Amino acid sequence: MLQTATSQDIGLRSDPEDAPLQTAVISETQRTPQTVESLQNVEEAHNTPEQTLNRRKRRAYRRNLKKAAIKIASINIRGYGGNGQSHHPENKWNHINQVMREKKIAILAIQETHLDETRQRQLHQLFGKRMKIYYSSNLETPTRKEGVAIVINKQLLDTTQTQEKSIIPGRAMMIKTKWHRDKSIKILTVYAPNDYGENKDFWLQIGEYFRNNPTQKPDIMLGDFNMVENAMDRLPMHGDQEEILNQFDNLKLELRLSDGWHNTFPDHKTFTFTQNNEVHSQSRIDRIYTTNNILKTAREWQIEISGIPHADHRMVSVKITDDNTPEIGQGRWSIPIHLIKDKPLQTYIQERGKEIEEKISRCINQRTNDQNPQVIYAAFKKDIKDMARRREKAIVPKIIQQI
């Protein structure tokens, strides 16, 4: 029987490690080498990435935290790897850190993590500058089976106000974190049991939790569902038991979530997991569900190989956008600074400028719809713009050759 959270532990809890550091102000008369060194050690231990970076990196850090579009992904990694050693070269978290950096993933949900408090602490020592790991583990054997986690890329999102909640230990957890400006997002990750009976009860228990805590309903639900809604999501094609589908449908309706990939590609067959059996059956059991508001602006739905060793599932991902963000175009084109001193361009502008002055002076007393100062000057600007672009294409290859 799956274990759920108790009624006394309903609210999302904040991480004390991410609380703002409160330090006392020491007067000049109180400052001794010992007190100054002590304060420096405390500050270095608790500073956020923004506080420890240099000025240029701090600006980039703040700019990233204001991004209205972030990438969210999910992957079943099938265990910890590296014989349980965090420093082992085959430890899967080395690759997770690399994947999040290269693919610019802001939030990564992970299933079958086999994490405990010791492993979490070791991983934070190794990758704490980039990753903040929130996890829920199996209560009996946390390092041998099950386990879910949500990892936040600290270089893309602020984790100081993130709250976490374990709903079913080792199977379901959620976080609430700050996203864009004052906007927050609630994310639920699941690792559903493979057994049919336990799978059905799993969705029932999650539904009961959110009926008791309606204000905590997630904006996104993602993970390894170990079931499919449509027969076309399995190869060979076949559907799952009706009792499971009914319980899952009830949960979807209650949370008002829908399958983003299926809504975007309703007739497309793609699978996330291949079984190691005689027929090599495939299924799309890894999915991302979102609310309608998020689905409207979501884009770049992907199913791809993660590159994490011995992970037998593909990674699913999506980029979500703040629906209140105004659309920003490419802006007005201007002549690049390095072309201002380009002699051929300068000569061309001067010669064309003299010709335009003569044309304008001739048409002052003989103004027509086709020949007037406004039309002539507009054509002149377009001509110079086209010439500048041609010169830019000619100059850049020369620079590359010199390099």
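Every residue, even glycine, has its Cβ placed from backbone N, Cα and C.
No curator has checked TrEMBL annotations; they are predicted automatically.
Checking the candidates Glu112, Glu117, Glu254, Glu278 against TrEMBL: the one annotated together with Asn76, Asp224, Asn226 at the Mg(2+) site is Glu112.
Here the recorded positions are Glu112, Asp224, Asp286; the one with the fewest Cβ atoms within 10 Å of its Cβ is Glu112. All chains included, 26 other C-beta atoms sit within 10 angstroms of the C-beta of Asn76 (Mg(2+) binding site). Asn226 (Mg(2+) binding site) has a Cβ environment of 23 other Cβ atoms inside 10 Å. Annotation note: Glu112 (Mg(2+) binding site) sits in a coil segment as assigned by DSSP.
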